[in-house]
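Enquirer: Let me give you the structure first, and then I'll get to my questions.
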Amino acid sequence: LSLLLTASLYCMEGDTDLQFLLVGGDLLKVRSSSWKKTRFYKLQEDCQTMWHESKKTFKFNQTFSIKDISAVRAGRQSEGLRKNTEEPVEGRCFSIIFKGRRKNLDLMASSEEEAKQWVTSLEKIMSNMENLNSQQKTEHWIFNCLRKADKNSDNKLSLEELKDFLHQINIEVDDQYAEKLFQECDQSKCGHLAGDEIEHFYSLLTHRQEIDTIYGEYAKTTGFMSAENLLEFLIKEQREEATLADAHRLINKYELDDKAKEKQLMTQDGFLMYLHMPEGLVLNPTHKAVHQDMSQPMNHYFISSSHNTYLMEDQLKGPSSTEAYARALIKGCRCVELDCWDGSDGEPVIYHGYTLTSKILFKDTIKAIKEYAFKTSDYPVILSLENHCSVEQQRVMAQHMSSILGSALLTSPLGDQMPTDFPSPEELKGRFLVKGKRLTKLEACFGPEETAGDDGSLTEEEEDDKEEEEEEKKKATEGKKLKLAKELSDMVIYCKSVHFNGFQDAKDNLGFYEMSSFKERKAMALAEESANSYIRHNVDKLSRIYPSGTRTDSSNYNPVPLWNAGCQIVSLNFQTSCNDMDVNQGRFLTNGKTGYILKPAYMRDLGSEFDPITLTAGPWLQHKTLHLMIISAQQLPKVNQKKTSIVDALVKVEIHGVPADTADKETPYIGNNGFNPMWNENFKFDVYVPELALVRFVVEDHDSVTDNDFVGQFTVPFTSLQMGYRQVPLLNKEGDPLPSAGLFVHIMIMDA
């Protein structure tokens with residue numbers, strides 16, 4: 001099909017929901033109780049950009065791209081709408097939630113029916129774009145660049161418009177080459193490209209020489225790949241244990257030409273389609289779903305965890321929001337933090353104490369957590385309470401958790417006798433666990449209760465912070481004793497917070513359910529100096545790590561050394577995009593994005609001799625050699641949106657794991673080509689502990705004067721790599737997919 005026809009297909013011409021968006025309509029934009037203004041919203045002809053018109057200026061402004069929307073929520077679900085509108089307009093309201101840090105767009109329609117139409121239509125086009133295959137996304141993107149380059153909208157391309165188009169898709173060519181390309185396609189010799197000529201231009205543009213070479217080597221049946229040829233490729237190059245039935249399945253699934261499919265042949269287009277599908281990607285598709293044993297004790301897993309989850313930005317004056325909990329939970333986070341303080345009108349609030357961060361109601365937070373806890377993962381969520389409230393407001397906290405979370409809140413141990421170990425994530429599916437202080441030992445659930453301290457009080461300890469003068473000052477203002485309400489205390493079952501007095505003390509005196517929190521500096525020191533002791537401690541206890549209080553900008557630390565020491569709850573600032581969050585996302589990419597990753601067997605053994613620092617002989621040593629060729633990249637986005645700016649692309653490959661495995665290498669940069677740069681660069685890495693290793697592919701825009709600019713990345717567990725010729729999808733700095741962009745690589749893993 002021509003590009004214009006393809007675009008019409010993507011727009012699903014004739015679909016009533018999408019036609020509704022293309023026509024558009026008035027909506028009330030809500031910013032505050034006093035700022036509510038009418039805006040005219042409509043979908044552009046590219047079917048991916050929403051624009052709005054101000055009634056005051058009568059100017060159209062680009063508002064957002066459909067691909068930037070995370071969700072559309074009907075009703076008064078956002079904080080803004082709950083605060084700035086009344087309950088009777090519930091059915092007329094909806095919110096557009098964006099990826100990254102962009103604020104929600106709160107809107108109100110003129111009727112409930114119209115609001116439903118907006119929500120339904122937006123969700124449909126989001127789903128439509130999400131379900132496009134890689135080739136369709138590429139064609140859609142190229143078409144939109146062509147449409148923008150066609151300044152006079154005559155569906156033709158002049159030479160100047162072609163040059164502009166090449167800049168838009170990230171290619172810098174000299175005038176002589178552009179003119180040569182134009183003349184080659186201008187078969188009618190009329191000075192512009194139209195119809196079949198644009199299609200020919202598109203074919204030249206998207207032609208991939210490396211695919212020609214690979215396909216040509218195996219297309220041994222009248223110029224095509226037979227099922228037998230494809231099977232040879234799967235076994236020899238992709239190192240798969242494939243059968244002829246697998247080859248037939250791939251042909252039936254991905255071949256685009258019906259005549260070829262009837263003959264059980266795969267054309268080059270079908271072969272390219274296969275390479276962009278899950279079977280052809282770098283991530284083993286069987287690892288995308290839950291594939292690990294989920295019946296082990298909960299502390300035998302790495303658990304995706306967030307620090308100060310309520311914050312959207314920095315730790316000093318940034319906004320707190322229930323939306324931050326929704327975003328973290330949707331990303332698969334399974335441990336969220338709630339800093340609880342006394343609020344007005346007897347209602348506890350959440351904010352970063354002693355700072356100017358805004359406050360949100362505890363009850364609203366619990367409602368948001370309940371709403372989003374199990375949308376991405378069915379496995380348990382830990383509510384980590386930092387409790388600074390009076391006894392009276394602690395009772396209110398307990399009441400809110402009980403009434404809102406209901407039977408999903410775990411309030412007693414599983415079984416009818418005192419447990420000796422944690423239940424499994426499988427046993428705790430759909431449940432909430434409270435982490436915090438507790439007045440009694442857990443054994444009290446099965447016998448007479450004992451109180452701790454006078455009048456039911458517990459010593460407040462900020463675990464690793466007690467030596468710091470500033471924290472001591474804060475404690476002095478709060479008093480040395482924190483009164484604890486029995487109602488709240490009784491909700492703490494498997495995650496009782498206690499002070500850490502050393503590994504031997506923990507072994508001799510603490511129950512399995514008594515856990516400590518460690519500031520990053522203390523945890524890093526233990527992981528470096530006493531790694532094996534830390535690993536053994538974490539075989540039957542839980543450990544939580546959190547960032548230093550000096551990270552007021554919400555920056556993060558490297559979680560890898562803590563995972564190497566067996567620490568389960570390594571909490572990061574989810575609101576901050578950085579290398580450390582990329583690695584965290586890679587760690588929890590597999591196993592169905594459940595937020596739980598089973599630790600290696602040698603980290604679940606009380607007698608383990610594993611030490612990631614000294615790395616003595618043992619079952620953890622499985623020395624592998626990774627041979628990696630970075631072949632090419634496709635459709636890299638422009639980092640600098642200036643018309644003349646073109647990406648100078650280079651690729652870095654990083655290995656994250658035990659110190660002996662940590663390494664990085666990079667390709668040279670390819671100047672002025674972000675559309676289809678080619679390197680054919682070979683790397684070799686030694687990986688000694690593959691079960692703890694992660695591989696991070698990073699694409700940067702080279703800059704000889706300043707630091708390189710980030711373009712995209714993808715991080716994958718070493719044990720989830722597929723061998724052979726593989727496509728590597730790229731994610732932006734927020735961790736969301738970059739449509740069409742990717743790397744093409746060849747991977748070989750051998751026993752050393």
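Cβ from N, Cα, C; glycine included.
What TrEMBL lists as substrate binding site is 29-56, K435, K437, S517, R544. The Ca(2+) 3 binding site annotation in TrEMBL covers N308, E337, D339, E386. For I646, D648, N672, the entry in TrEMBL reads Ca(2+) 4 binding site. The feature Ca(2+) 5 binding site is assigned by TrEMBL to D701, D703. Residues annotated as compositional bias 'Acidic residues' in TrEMBL: 451-471. Annotated O-linked glycosylation site per TrEMBL: S188, in sequence order.
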Enquirer: Return the count of C-beta atoms lying within 10 angstroms of the C-beta of K29 (substrate binding site), excluding that atom itself.
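Expert: Excluding its own Cβ, the number within 10 Å is 17.
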Enquirer: An 8 Å radius from the center of the N308, E337, D339, E386 Cβ atoms defines the neighbourhood of the Ca(2+) 3 site; name the other residues of that chain inside it, in order.
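Expert: Output for this site, in sequence order: H307, T309, Y310, L338, I350, H352, S384.
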Enquirer: Taking the Cβ of I646 (Ca(2+) 4 binding site) as the centre, how many other Cβ atoms fall within a 10 Å radius?
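Expert: Counting Cβ neighbours of I646 (Ca(2+) 4 binding site) within 10 Å gives 24.
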Enquirer: At the level of the C-alpha atoms, what whole-angstrom distance separates K29 (substrate binding site) and the residue listed as 'O-linked glycosylation site'?
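Expert: Here the two Cα atoms are 51 Å apart.
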Enquirer: Mind giving me a neighbour count for K435 (substrate binding site)? Other Cβ atoms within 10 Å of its Cβ, every protein chain shown.
Expert: 24
Enquirer: Quick one: of K37, Y41, T49, E53, D339, K435, which binding-site residues lie within 10 angstroms of D648 (Ca(2+) 4 binding site), measuring between C-alpha atoms? Sequence order, please.
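Expert: Qualifying among K37, Y41, T49, E53, D339, K435: none.
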Enquirer: List, in sequence order, the same-chain residues at least six positions removed whose CB sits under 8 Å from that of S188 (O-linked glycosylation site)?
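Expert: Non-local contacts for S188 (O-linked glycosylation site): A194, E197.
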Enquirer: Restricting the comparison to the binding-site residues N308, E337, I646, D701, D703, which residue's C-alpha is spatially nearest the C-alpha of Y41 (substrate binding site)?
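Expert: Nearest candidate: I646.
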Enquirer: Among the binding-site residues listed here (S33, T49, N308, N672), identify the one with the smallest other-Cβ count within 10 Å.
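Expert: Checked S33, T49, N308, N672; of these binding-site residues, fewest Cβ neighbours within 10 Å: S33.
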Enquirer: Spatially speaking, which of the binding-site residues S33, K435, D703 is closest to I646 (Ca(2+) 4 binding site)? Use C-alpha to C-alpha, please.
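Expert: Answer for the nearest of the binding-site residues: D703.
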Enquirer: For each of E386, D703, count the other CB atoms within 10 A of its CB; which of these binding-site residues has the top count?
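Expert: That would be E386, with the most Cβ atoms nearby.
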Enquirer: Counting Cβ atoms within 10 Å of each candidate's own Cβ, which of the binding-site residues E45, E53, D648 comes out highest?
Expert: D648
